[in-house]
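**Q** Sharing the feature lines straight out of TrEMBL:
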- 77-98: transmembrane segment (TRANSMEM)
- 118-138: transmembrane segment (TRANSMEM)
- 176-201: transmembrane segment (TRANSMEM)
- 213-231: transmembrane segment (TRANSMEM)
- 238-257: transmembrane segment (TRANSMEM)
- 277-296: transmembrane segment (TRANSMEM)
- 301-332: region 'Disordered' (REGION)
- 314-332: compositional bias 'Basic and acidic residues' (COMPBIAS)
- 338-360: transmembrane segment (TRANSMEM)
- 380-404: transmembrane segment (TRANSMEM)
Amino acid sequence: MACCLASCCASATCGLCTSVASGITRKSARIAYCGLFGASLVVSWILRETGAPLLEKLPWINTSDSFTKEWYQQQSVLRVSFGNFLFFAIYALIMIGVKDQNDRRDSWHHGGWGLKMIVWFLLVVLMFFVPNVIVSIYGTLSKFGAGAFLLVQVVLLLDATHNWNDSWVEKDEKKWYIALLVISIVCYIATYAFSGILFIWFNPSGHDCGLNVFFIVMPMILAFVFAIIALHPAVNGSLLPASVISVYCAYVCYTGLSSEPHDYVCNGLNKSKAVNASTLILGMLTTVLSVLYSALRAGSSTTFLSPPSSPRAGGREALLEDPEDGKKKGGEAEARPVSYSYSFFHIIFALASMYAAMLLSGWTDSSESASLIDVGWTSVWVKICTGWVTAVLYIWTLIAPLILPDREFY
């Protein structure tokens, strides 16, 4: 009865996943991992909303009368996240050094889903018997892990924008150059127009909102700097990546400002601490899609730790598809290289578990209402700094070839 709710939620999820385990093949393994990760987020959210009363009855968790409802909600999220993190971290360690599909661990990565569900279920349940101090340490480490995951997202964005630009330039046709110019102009107009809207929302008249003004002005200045550097004759740059990064920086600024405490006078969007269910569901759905895409894309990207036997050059494969095992004439299996780093794939999911835990627990900041997701000054600064780091990394991709001409970039 001690961990009844945790067991019920996890076992229900585990049972659902196990029922489809037999149908998972090499081509669907990656999406199956995403499904398992998404299920862990659902369990975290359910326990966050309903698990506090049960945790209060557990003597090894309820060790102080000063613990608040928000603290128990954070414990529910962190403990599910901890189990999820350990599952993917253990797999990341097991998969170190897998270079070809003849390695026995290749089948461990793609198969054995019934056993995987059981292991995942046991890890999640066992985390509810872990001492508070261990969970507290994990919560602190999760802030750094979440920051690393955000950095991965930034690198993915930079990689995607450069690939997008290069693919259209390689077509070497006038219509594609015109398309590049049009999209770039639209992105820049959107950046400055959106920044203007942010001034209305987060700089209400009659209040001294200098910090918000600073946050909003920075992406506008950076957008101009991006264009100047990208179009400089000495830089092998393009306006499309500069414009897309500008839009992203403005968007990150908005997400940061919208995470300001709801009683902050400069947050013009929210004058009440009450957030309706539809807003929470929409916000959670957006978070889930973002985390799942980033984890999936990062595990597949050649930008990250491609196996030594996996060539970076060559045709791109479908995101969710692995090549079938090749066969030699005599029936002996070829030692075909794996198409992505299995170990790094699981590392990304482990970091994503930390990131999701921080979102659902308010970055372990209990100053806000328990009904709010991803609200608080910690969240604000993390997002604002993410935008600034994005700007620094993008500028570095432009000037790095000039500073280090002997190295290859993109």
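The backbone N, Cα and C atoms fix where each Cβ goes, and this holds for glycine too.
All annotation found in TrEMBL is predicted automatically rather than curated by experts.
Quick caveat, the model's predicted, so the values are computed rather than measured.
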**Q** Among 77-98, 213-231, 338-360, which stretch has the most Cβ pairs under 8 Å to the transmembrane segment (176-201)?
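**A** When the Cβ pairs under 8 Å are tallied, 213-231 comes out ahead.
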**Q** For the transmembrane segment (118-138) and the transmembrane segment (238-257), decide whether they are in contact, meaning at least 3 CB pairs lie under 8 A, counting pairs 6 or more apart in sequence.
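**A** No; fewer than 3 Cβ pairs under 8 Å.
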**Q** Please work out which recorded stretch in 77-98, 238-257, 380-404 has the most C-beta pairs separated by under 8 angstroms from the transmembrane segment (338-360)?
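**A** The stretch I would name here is 77-98.
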**Q** For the transmembrane segment (77-98), give me same-chain residues lying six or more residues beyond its boundaries with a C-beta closer than 8 angstroms to one of its C-beta atoms, as numbers and ranges.
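**A** Apart from its flanks, the transmembrane segment (77-98) reaches 6, 10, 37, 40, 43-44, 47-48, 105-106, 108-109, 119-120, 123-128, 130, 135, 138-139, 142, 145, 307, 338, 342-347, 349-350, 353-354, 356-357, 360-361, 364.
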**Q** May I ask for the residues of the chain that lie six or more residues beyond the transmembrane segment (380-404) and have a Cβ under 8 Å from a Cβ within it?
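**A** Contacts with the transmembrane segment (380-404): 146-147, 150-151, 153-155, 157-158, 162, 215, 218-219, 222, 225-226, 229-230, 234-237, 241-242, 245, 248-249, 252-253, 255-257, 259-260, 363, 410.
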**Q** If we skip the immediate neighbours and take only residues 6+ beyond the ends of the transmembrane segment (238-257), which ones have a Cβ under 8 Å from one of its Cβ atoms?
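**A** Contacts of the transmembrane segment (238-257) (Cβ under 8 Å, skipping residues fewer than 6 from its ends): 157-158, 161-162, 164-165, 168-169, 180-181, 183-188, 190-191, 194-195, 198, 201-202, 212, 215-216, 218-220, 222-223, 226-227, 229-231, 267, 379-384, 386-387, 390-391, 394.
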